[in-house]
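What Swiss-Prot records for this protein:
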| type | residues | note |
| --- | --- | --- |
| BINDING | 150, 151, 152, 153, 154, 155, 156, 157 | ATP binding site |
């Protein structure tokens, strides 16, 4: 085990000099004793002359030149398997929930090759989420990748927590949650939410929160992914939740300049597409088992053309776009039904009825969007009878796309609803065919199935 010495410390980036014949490999882990703490460094570059440039997986405060650094001769390894369920771990797989050792039987390196093309499997099976707007407009595939896109404060994390709750309870598989650079409060809320709904023993939690150094945030997604890969390779269908994939990119940006790379567009790292690809190519389903992943993607300044969200788009099967305009109308989940897409929305996959209903809903909402200008200038009275009907139905559909969430019961005071896909299609089809033209639009707001809307109308 070779030993080197620290020669330079710049923030999270540490240069270490080793003997010429014992230079560590790229991605090898190094350990340094920093006071009472053992700090792990990960090799990023070999600079020549026996010097390697590393990123610290923790705070580099207190490091000084001349400290001894040991080469561990393997990449960062984390616990995998059933022992991780119900536990909260950090980027190195160390428990941070004060419940003692993990007691794992096996450890895996966080840097692994993606499965080969022969091993990949293609599934057409749908994953029902119980959220009307998602199941209808942008259905998820089992073993597919989903992105939740949204600016600040439109409900990415709440949507994700609802998805985890619904899928964990209805689907009863294992899940891995990687909190990448998000709020500590959300991590705490999430843990208690999982405990209260009795699904904590089916979830492994890996946190690298906002207050952590960039090294932790850059690698914590890989730690969570490695745990999910282990479950997949045991032949299970596992769910991987990443909140937030943008912070993974951002952590890369923070260390990129310190590593001496020239910035590219908007100041991002030049290796943006490659870093994203390395992560996304591993999140995939094989013939052995499947990983269904849901990733929250923060959209800076609500601009979907920003390089980070734009790079993420390319890897996804379904995109759920959360819109500030819809949130401002008080419609939650604030999913934009005209902007959200899914590869599964194909008559050969979801069936003709589902496809026609979804497209019908989109065309009515699109027509309403076009008529809004006329209404704003001339008022409703100037519309033809046919257009008045379209507007009335569109407003009902818009309200019926809202739904009370289980995880938001505390804030809204109304109990959460899980709506099956069959009921969702039936409800929207009925509105489009005019079966509910006699009901006031307020009856459709924040209800589950169409029967509830009919009941609510009686009370209004």
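Just so you know, glycine gets a Cβ as well, placed from its N, Cα and C.
The most crowded of the binding-site residues listed here (153, 154, 157) is 154, judged by how many other CB atoms sit within 10 Å of its own CB. Of the binding-site residues 150, 151, 155, 150 has the largest number of other Cβ atoms within 10 Å of its own Cβ. Within 10 Å of the Cβ of residue 156 (ATP binding site) there are 27 other Cβ atoms, across all protein chains.
Using the Cβ center of 150, 151, 152, 153, 154, 155, 156, 157 for ATP, the list of other same-chain residues with Cβ within 8 Å runs, in sequence order, 298, 322.
The Cβ of residue 152 (ATP binding site) lies under 8 Å from the Cβ of 298, each of which sits 6+ residues away along the same chain. DSSP assigns residue 150 (ATP binding site) to a strand segment in the three-state reduction.
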